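Here is the structure we will look at, set down as structure tokens.
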Amino acid sequence: MTGQRAAVETVAASARNLTKIYGQGETQVYALRGIDLDLPRGKFTAIMGSSGSGKSTLMHCLAGLDKASDGKVTVGGTDLGSLDDDALTVFRREHIGFVFQSFNLLPMLTAFQNIVLPLELGGRRVDNAATERAHMLAETLGVADRLGHRPSEMSGGQQQRVAIARALITGPDLLFADEPTGNLDSTTSAEVLGYLHKSARELGQTVVMVTHERDSAAYADGVVTLEDGRIV
Amino acid sequence: MRTFFLASLRTHIRRYVAAAIAVTVAVAFVVGVGVLTTGAQTGIMAGFGAPFRNSDYVVSKLRNEDAFKLVERHGENASPLGRAMLTVRAGGRSYPEMGVGPVAASTDLRWQKLTSGRFPERKGEAVVDLWDAQNWDVSVDDRIRIGEGATAADFTVVGIVQAPSPVAQASVYVTWPQLVRWADDPSLGVYTVTVRGAVGPVPEDAKVQTPEQAIADRTAQLQNGVDTWSLLLLLFAGIAVFVSILVIANTFSILLAQRLRDFALLRCVGATRRQVTSSVRREAAVVGLLASLAGVLVGIGLGYGLIALIKSLSPITPIASPPLPAPWLLGGLAIGLTGTLVAAWLPIRRVVRVSPLAALRPDTATDPRTASGRARLALAAFLLIAGLLLLVLAMVWHSTVLMLAGGGSMFIGVLLFGPVLIPRLIQITGTRFGPIGQLATKNAVRNPRRTATTTASLLVGITLITAVLTGINTTSTALNEELDGQHPVDAALVSTGKPFSDDLLDKVRRTSGVDLAITVDGAVATVSGLDKPIPVIAAPDAKQVARDGGAFAQVEPGVIRLDESAFRQLRLQAGDKVKVAVGERRAVLRVSIGTGWGLEAIVAPETLAQLTDSSAPRAIWIRASSDADSARLVGDLGDLAAPAGANVYDQLEARETENAPLRILTWAIVALLGFSVAIALVGIANTLGLSVLERVREHALLRALGLTRRQLRQMLAAEAVLLSLVAALLGTVIGIGFAWVGYETFVKQALTNATMQVPWPLLGAVLLTAALAGLLASVLPARRAARVTPAAGLSFE
């Protein structure tokens, strides 16, 4: 859909004067204070910051999970502020993939069912092409032999890789990873980060990762550091 | 531990609300029954003893002449109780067999309550009972005539009274000297006299009692009736309590599972297992106590409210607002409290087994897949097989006791099998629902035991409702067929004067509520043994209108068939020979007796041809449409009949009165079972609401992945509908099965021509109601779930 534009545009998503305020009156907290940011297409960008720096809020706003208080977010040419909740949901479904720190998979579904879930939610039939794509992604991510298992029967690293496969199944404009290695040991972390990097390099996927670990950020093509709601 | 207990209570009490509602409804049911029963007792007692109240002795088991002597001897100090059944003529109409009783001479001994006017003092004065006065359209100063022939007398109505007691109730009351006028009437019975002061000599076999003894004697039977009713109501209350115990048990299982890590942490920091147990148990006690107290209050309101409503709708009902029935209130409270504690017992035991280490493990504890123990399955299988055997034996031996035992055993077996059975059924049903339905199905079956308990509560109610509806439908269809034979013609116009014109038939056919009408030809004949001439007819076309297919009108030549219900006292019997004469032509015919068409006698066409050459329309037989308003139809027919000099004979009203009790019984039982269904639906809403709480993160994830709010609500609605639909379907199947066993066991014994009749449309309506109610139960939880923003559910920093 966005293939043609992708050829001419080099920016996958951008934020202008992005501001997020929690609470009201005296209890007001500025989570984001006027962020300006462009995320380059086909690259692996890391957003770094310590706990409370606003990095997760930034990701939520960029991904359309949360509404900004002020400013503008554009993803693949669409102004997210102009969408209502339903339109935003459909937009997320079609253009954005997610990998979270933990609890990425629905416990009652198998790995395969989890991977194709975004397609089913969109009312699409899981046809041969989709099944093939799911298998291809599983192959790339090294979980092809786990497709019939439930999350409780997989290791943490395997779960995260299934989550990445699920995030990629729709071919999204943007893949967000929120502390994807937060719950993993260092070997497994390296593996998962390697796969994210591979997604950007081999599949041309735009990847944005939020992390507080310098080691993780090292896998990225570029790093944006946040402190107290501002880019530094 | 005290701090923990209070803090938990503060934090979690709101999550108990739905479960508490279930307990409240059940307790309110019990207490409401108590207040109503006590009210009925008070009401019956208040009025019942009225005729005996101010006397010193009650002399009963008297013969009429002894009673007369006793009254003569004691004069003012005696009050005779009794009545004669006489014809009363009021407002131009005659009412046969109305009770006429005495008013005591002394004002102290008069027990009737005056609502207007005054009591009769002298000859020619009478008071009339309120209800009869309304029926007859009679008020003070109107004139009525009592009795027939030589003993008839005219009276002026001087007052309207109410009789608070059925003991000596009558329609009209006159002074004793006036009642003596009918001393020789065979219907007069005065068997009891109440006396002030010493009784003196009485006949040997008479019984002398104090008023208290007399009242106690006579109320014992009534009391039994009230007790039976309250026992029956308590049975339904018991079902409601059982269902709410299921709901409470489920609530505790879910809530405690969600707090598993809290308990593990407590154990980690040094709480003993006993401390944890007692803290949670106190929580259960507080919930049970508060819910039961609320239930008692609601029950009191319900009971007194209903009594007030009954009083205002039908002032004569013997029911009164009783003083607070303390035993019932305490009983209700105890049932609610005990029920809650019992229901919480197992879940609490299960949760305190948690090892302290569980607190330190990653967050996986909120979704424990409960397995069904082998012992449980073995027990379930045993109960199912034993129940099946008992049911077979019950059908063979026609034993109701075996049937109840077998049914109970099988049902408990099904409930125990629930965790295996219900999820399978849900999966089968859920496959037809699309991708959102697939998610809902998976959610519905992820915790088999929770699913089973949730549906079990609804299963109980639906099974019983289905069994009752099917059973009663079978019985009433059979009874209806029997009634068809007893009342073959809905209504008939019969003339002993001029034959009917075709014009009249047209008018009858145009009357609203008439489905079909035919004329029946015959002649007016004298029949030996009957005082008046009657029409004798032949009806080869009877099957057009007859409810029994015309069988009643098929008479062999040489036979005359009479409707025994059309004559006040038919002295003829089946097999008697009677002489029948039309003008000069005569025949001797054999009598056959039937019932349910009217005054006209039926003969074969050949016999009629023998009696007359000029037969003419003498009767019009009518079949009413199924939606006919029978009272109006009979009134309209009466208006048509009067100018033609004909009489109307109708079977509709008789039929309706014979049908009414069963219909009332059906709906009363369904309404009573409705309580437990309502509780079960609260339970479904509750389970769903609590599940939604523990799935906040899943829902947030789904929303992040592109599930719209609407789809999320649909998913939860589908889950609730699946739960209730599967429970209702299974309940319908089991209920029909039980009804069939009941039919084989005792219905066929009582009504040989009965066939099993399943009321499909009605059961369909029950299913639909259950599904819609499931949908309704999902509304609040789904709204709460949809409010969570995807980001809020996913922040764990």
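Any Cβ shown, glycine's included, is placed from N, Cα and C.
The shown structure was predicted, so the numbers you read here are calculated from the model rather than taken from an experiment.
As given in TrEMBL:
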- B:19-195: domain 'MacB-like periplasmic core' (DOMAIN)
- B:235-356: domain 'ABC3 transporter permease C-terminal' (DOMAIN)
- B:672-790: domain 'ABC3 transporter permease C-terminal' (DOMAIN)
- B:16-36: transmembrane segment (TRANSMEM)
- B:229-257: transmembrane segment (TRANSMEM)
- B:284-307: transmembrane segment (TRANSMEM)
- B:327-348: transmembrane segment (TRANSMEM)
- B:377-397: transmembrane segment (TRANSMEM)
- B:403-422: transmembrane segment (TRANSMEM)
- B:452-472: transmembrane segment (TRANSMEM)
- B:664-693: transmembrane segment (TRANSMEM)
- B:714-740: transmembrane segment (TRANSMEM)
- B:760-780: transmembrane segment (TRANSMEM)
Interface check, the transmembrane segment (B:377-397) with the transmembrane segment (B:327-348), three or more C-beta pairs under 8 A: no
The transmembrane segment (B:664-693) vs the transmembrane segment (B:229-257): 3 or more CB pairs under 8 Å: yes
Long-range neighbours of the transmembrane segment (B:16-36), counting only residues six or more past its ends (CB under 8 A): 230, 233-234, 236-237, 240-241, 243-244, 247-248, 250-252, 255, 287-288, 290-292, 294-296, 298-300, 302-304, 306-307, 319, 322, 325, 327-329, 331-333, 335-336, 339-340, 675, 678-679, 682-683, 685-686, 689
The transmembrane segment (B:714-740) in contact with the transmembrane segment (B:327-348), cutoff 8 A, at least 3 CB pairs, sep 6+: no
Remote residues contacting the transmembrane segment (B:452-472) - C-beta distance under 8 A, at least 6 residues beyond either end: 239, 242-243, 246-247, 249-250, 253, 411, 414-415, 418-419, 421-423, 662, 665-666, 669-670, 673-674, 676-677, 679-681, 683-684, 687, 723-724, 726-728, 730-732, 734-736, 738-740, 742-743, 747, 756-759, 762-763, 766, 770
Same-chain residues at least 6 beyond the ends of the transmembrane segment (B:760-780) whose Cβ lies under 8 Å from its Cβ atoms: 458, 462, 465-466, 469-470, 473, 677, 681-682, 684-685, 688-689, 713, 716-717, 719-725, 727-729, 732, 736
Helix, strand and coil totals (DSSP H, G, I; E, B; other) for the domain 'ABC3 transporter permease C-terminal' (B:672-790): 103 helix, 0 strand, 16 coil
